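K.L.:
Got a structure for you, written out below as structure tokens; questions coming shortly.
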Amino acid sequence: MVKKVAIIGAGISGLASIRNCLEEGLEPTCFEKGEDIGGLWKFSDHVEEGRASIYRSVFTNSSKEMTCFPDFPFPDDFPNFMHNSKLQEYITMFAKEKNLLKYIQFKTIVSSVNKRPDFQTTGQWDVITEKDGKKESAVFDAVMICSGHHVYPNIPKESFPGIKLFKGKCFHSRDYKEPGIFKGKRVLVIGLGNSGCDIASELSHIAEKVIISSRSGSWVMSRVWDEGYPWDMLFITRFETFLKNTLPTVISNWWYMKQMNARFKHENYGLMPLNSTLRKEPVFNDELPACILCGIVTIKPNVKEFTEDSAIFEDGTVFKAIDYVIFATGYSYAYPFLDDSIIKSRDNEVTLFKGIFPPPLEKPTLAVIGLVQSLGAAIPTTDLQSRWAVQVIKGTCPLPSVKDMMNDIDEKMGKKLKLFGKSDTIQTDYVVYMDELASFIGAKPNIPWLFLTDPKLALEVYFGPCTPYQFRLVGPGKWPGARNAILTQWDRLLKPMTTRVVGSPLKPCLFCNWFRPVLISVVSIAALIVLF
């Protein structure tokens, strides 16, 4: 009997889940609150309650070769980093190519998801939905939650004494759409994440004054990396990951900080993280350093107190006559349709095995797709998550015991806290995490075997960027075009930029990218031995 799967949300996680259910012979039904697919990437001029929202000028932070669905490369002429409308175009192309739209019920709200009385034996769920004021109930063999984590804005007003006295306007960055109304205004942006930096940089060209207040600082990276290549094509590699995880901590931290400071010294710009060794996801902004250098954006410490029209910072300085306060303070994740006892949260900690499965469930028929954050792109991550989840739901890939899953969660949590800090406990190392998931379903590339049988491909897989195609080389859902996609990925990267041909477009030397850090590390270790 074919298993029926309810999928909540038709963003990238939902589409990946629909597609992978179909590949494995399951029967998906996707419930989408809005009128279209795309989730976060579907721009709207107005904010809808219960839906993710972006501003008009949002661009991707991951390049196209690292962002695509693993068997559906972006068209050659698409830019490497793209406007949200361009990514939405690609998402629509994917959904139509894979014939996914007919499995989606639009304008449908999921009201509740509850275990059936016989859940211990069947693993089934009662799902109640609402459309046009009419409620319906249906039974599903499994549920995949794909509603994202950019829905419920976090506005910690209790952390800012006097904010209730402030007479200007204050709102969350989720409500920001475009800069027009801020012309000639004085704006305080609280938060140094991607949204805060994007908004501050955009407003700096039209507002009278823009200040960013940051409690802990952040690394700020450019999308343009060494020799002009996209940052992630050089930064996210298997060899880079190997070095990062095997070198002595003092060397690894030193090299990481050197990479982060390669473009500019963060101390000089007031951006340096309080704990500079944490591997928190950096901010991606090509404009902010120039805005600071030109004096059109100012960085300040945390706000100590608000008055009726001013903000007093912890260093004693005051920003007066503020018109707007924008809280770019992130989001809280919540599942209002689900009993809290199923997915427990401790502080900012989610109790999910590999960020997907709640360990205590008697039957592993509930999966959360797209909650985990990593330095890698969301699309390939959610694709691999849903591939594994589908195998678990089918019963072909059993989970470990509850005890083993909880031990794994606790072990990983300790490592995450050390690497990323307490506020980013759903963050994880991209390559390590992807390999873990891939190994569960036999989709992890066998690097030693590749070097023996296909050295040309092996060099690209190990020393080149860890592109999504690598996870469709083998295993269920393997793609015959994966090898060629890997060997031609640099051609697609260069294609949209060669609009004025001057000589031959140059691909990077893979060995040069890793030889330098190895050499520096060896010299550093030798120096430490000599000195101590």
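Note: Cβ is positioned from N, Cα and C throughout, glycine not excepted.
Heads up, here are the entries from Swiss-Prot:
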type	residues	note
BINDING	Gly9, Ala10, Gly11, Ile12, Ser13, Glu32, Leu40, Trp41, Asn61, Ser62	FAD binding site
BINDING	Thr60, Asn61, Ser195, Gly196, Cys197, Asp198	NADP(+) binding site
MOD_RES	Ser401	phosphoserine
TRANSMEM	510-530	transmembrane segment
K.L.:
Give the distance between the Cα atoms of Ser13 (FAD binding site) and Thr60 (NADP(+) binding site), rounded to the nearest whole Å.
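P.N.:
Taking the Cα atoms only, Ser13 (FAD binding site) lies 16 Å from Thr60 (NADP(+) binding site).
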K.L.:
Compile a sequence-ordered list of residues in the same chain as Cys197 (NADP(+) binding site), six or more apart from it, whose Cβ lies below 8 A from its Cβ; state 'none' when nothing qualifies.
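P.N.:
Once residues fewer than 6 apart are set aside, Cys197 (NADP(+) binding site) is near Ile212, Val220, Val283, Asn285, Leu288.
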K.L.:
Out of Thr60, Ser195, Gly196, which of these binding-site residues is nearest Gly11 (FAD binding site) by C-alpha distance?
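P.N.:
Closest recorded candidate to Gly11 (FAD binding site) by Cα: Thr60.
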K.L.:
Out of Leu40, Asn61, Ser195, point to the one nearest Ser401 (phosphoserine) in space (Cα versus Cα); all of them are binding-site residues in the record.
P.N.:
Leu40
K.L.:
Measuring CB to CB from Asn61 (FAD binding site), give everything in the same chain under 8 Å that is also at least six residues away in sequence.
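P.N.:
Spatial neighbours, sequence-distant, of Asn61 (FAD binding site): Phe81, Asn194, Arg223, Phe284.
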K.L.:
Across all the protein chains here, work out how many other Cβ atoms are within 10 Å of the Cβ of Ser13 (FAD binding site).
P.N.:
29
K.L.:
How far apart, in Å, are the two Cα atoms that lie farthest from each other among Thr60, Asn61, Ser195, Gly196, Cys197, Asp198, the residues recorded as binding NADP(+)?
P.N.:
15
K.L.:
Going by a 10 angstroms cut-off between Cβ atoms, which of the recorded positions Thr60, Ser195, Ser401 has the sparsest surroundings?
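P.N.:
Among the recorded positions Thr60, Ser195, Ser401, the lowest count of other Cβ atoms within 10 Å belongs to Ser401.
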